[in-house]
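What TrEMBL annotates here:
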type     : residues : note
REGION   : 437-457  : region 'Disordered'
TRANSMEM : 40-59    : transmembrane segment
TRANSMEM : 66-84    : transmembrane segment
TRANSMEM : 138-161  : transmembrane segment
TRANSMEM : 200-223  : transmembrane segment
TRANSMEM : 289-310  : transmembrane segment
TRANSMEM : 322-340  : transmembrane segment
TRANSMEM : 385-405  : transmembrane segment
TRANSMEM : 411-428  : transmembrane segment
Amino acid sequence: MISRNFKNVLVVSVGFLSLFTAYGGLQSLQSSLNAEQGMGVASLSVIYASLIISSMFLPHIMIKNLGCKWTVVAGMACYVSYSFGNLYPGWYTLIPTSAVLGLGGAPLWSAKCTFLTIAGNAQAAEDGKKGSDVINQYFGIFFFIFQSSAVWGNLMSSLIFGQDSNIAIIPEEQLLACGAADCSLNLNMNSTSTRPAQELVWTLVGCYIGVGVLAMIIVAVFLDNIDREESSHFRENREPFSKTFLATFRLLKDWRLLTLIPLTMYSGFEQSFLSGEYTKNYVTCALGIHYVGYVMMCFGATNSVCSFLFGRLARYTGRAALLLFAALANFSCIIALLFWRPHPDQLPVFFVFPALWGMADAIWQTQTNALYGILFPRHKEAAFANYRMWESLGFVIAFAYSTFLCLETKLYILLSFLVLTVITYPIVEYHERKHPTPSIQEAGHPPHNQEGFHNDKGKIVAQTKL
C-alpha cells in the first residue's frame, strides 16, 4: 500500500499533467500561431506580468483562506479560461484571459509547492528520514509526471495540424532568415502564412479545454485537504490585510533569497527562449508549424525522464554538481545556436537542442523548487511566491523584447544571465553547507506545540504552521 502522502503527490502530479497538456501546448504555439502584430508573445508577456502582481499578495491570502487543495482548483479554472480565449484569438479575448491566468498562476504554483513540502516533511517524520531528501524525491516525482505534459499537448497539436492540406515547402528566401541570421532578415520575416486552417485550430483548442476541465475534477475529487485545520483556524483568526499582503516582501530581507534572484529569473529566461524563440525562429521558420509539436515533445520527454532521475540522484551528487551540469549544457547550446543556420536537411539537429535543453531544465526546476523549500521551511508560501514572482519577471522581460530584438542579442542576454547565475548561486550553496537550515523536526519545536497541527494515529493533516 502506498502512503497517504505519496498518493496525494500522485494526484497533484496527474492534475498538473492534464492542465499543462493544454496550456503547455498553447504556449509553444503562441509565437507562431498568433504571430500577427506579435499578439501571441504579447499575451504570454501579459500572463507573466499578471503573475508578478499576483505573487505579491494572492498566494498567502488564498492558501490561508482556501487551503492548498481549493487554491489549486481555483488556479486551474483561471488556466482553463485562457484556452477559451484562444477559440477566437484577438486582442480583446487573449489579453483579458491572459491576465486572469496570471492572477491564478501564482496561487496555483505556490499551493502546489507548499503542498509537496508539507507532504515531504510529514512523510520524512513518519519514516525517520531527512526532510530534504523526501522533498527532493517528491519534487522529482512531480516533475517526472508533470513535464510529460509537453509530450501529450504537443503530440495533439502536431497530429491535428498535420492534417492541414495547405502545408507548403519552405522557400529558400525564408530559410536565410532562420536562426540567428542577419537582423533585418530576422525581424522582417513574415510568419502569418504559417497559420493552419481555422477548423483545425478550433478542434485543438476544444481538446485543450476538455483536458483542462478534467484536471479540475481530478484534484477536486481525489486530493486530500491536508491543511484544512490551518485554513479553518486562519479564517477564525484573520490577520490584518497589510500583514498578509507584505508577507512576500518581508522575506526579501533574507540575503539568501536576494542572492537566488538571478537563478530564479534565469529559469524564466531559459523556458521562454525555448517556447518562444526556438519554436519560431528555428522550427517554424525552417520546418513549418506542424513540426513544433514533435520538437517540443522531445523536450518534454527528456525533461520528464530527467526530472525523475535527478530528483533521486540529488541525494548522492548534491545540488551544486547537478546545477553546474545544467549550466554547462545550456552554455553549450547557446553557443551552438549562435552559429547554427537551420535547414530542413538537418532534421535530427532540430531535436538535439530541445533534448539537451529538457535535460538542463529538469535540473533547474527540481533543484530550485526543492532548494526554496529547504531554505525557508517556516515561510513556504512567501518563499514560493517569491520564486514565482522572480521567475515570472524573467518571462515578462524575455517575451517583452521578443518582437523587436535580434535573436543574436536575445541569445547574448540569455548567456549573461546564465553567467550571473553561476556566480551568485554557489554563495548560497556554500553558506547552506556550512550552516544548514534546520528542518521543522530539527528546529526544536515539537509537533504538539505547532499551531494548527493535528495527528490522529500517525495520520498527518498539517505538518507545519503555514
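Indices start at 1 and increase along the chain as displayed.
Cβ coordinates come from backbone N, Cα and C, glycine included.
Note that the structure is predicted; figures quoted are calculated from it, not measured.
Ranked by number of Cβ pairs under 8 Å to the transmembrane segment (289-310), the listed stretches 40-59, 66-84, 138-161, 322-340, 411-428 are led by 138-161.
Listed stretches 138-161, 200-223, 385-405, 411-428 were compared with the transmembrane segment (66-84); the greatest number of C-beta pairs under 8 angstroms is found for 200-223. Touching of the transmembrane segment (385-405) and the transmembrane segment (40-59) is concluded from the presence of at least three CB pairs under 8 A, sequence neighbours closer than 6 excluded. Among residues of the same chain six or more beyond the transmembrane segment (322-340), those with a C-beta under 8 A of the stretch's C-beta atoms are 179-180, 270, 278, 282, 310, 313-314, 349, 353, 356-357, 359-361, 363-364, 367, 408, 411, 414-415, 418, 421-422, 425.
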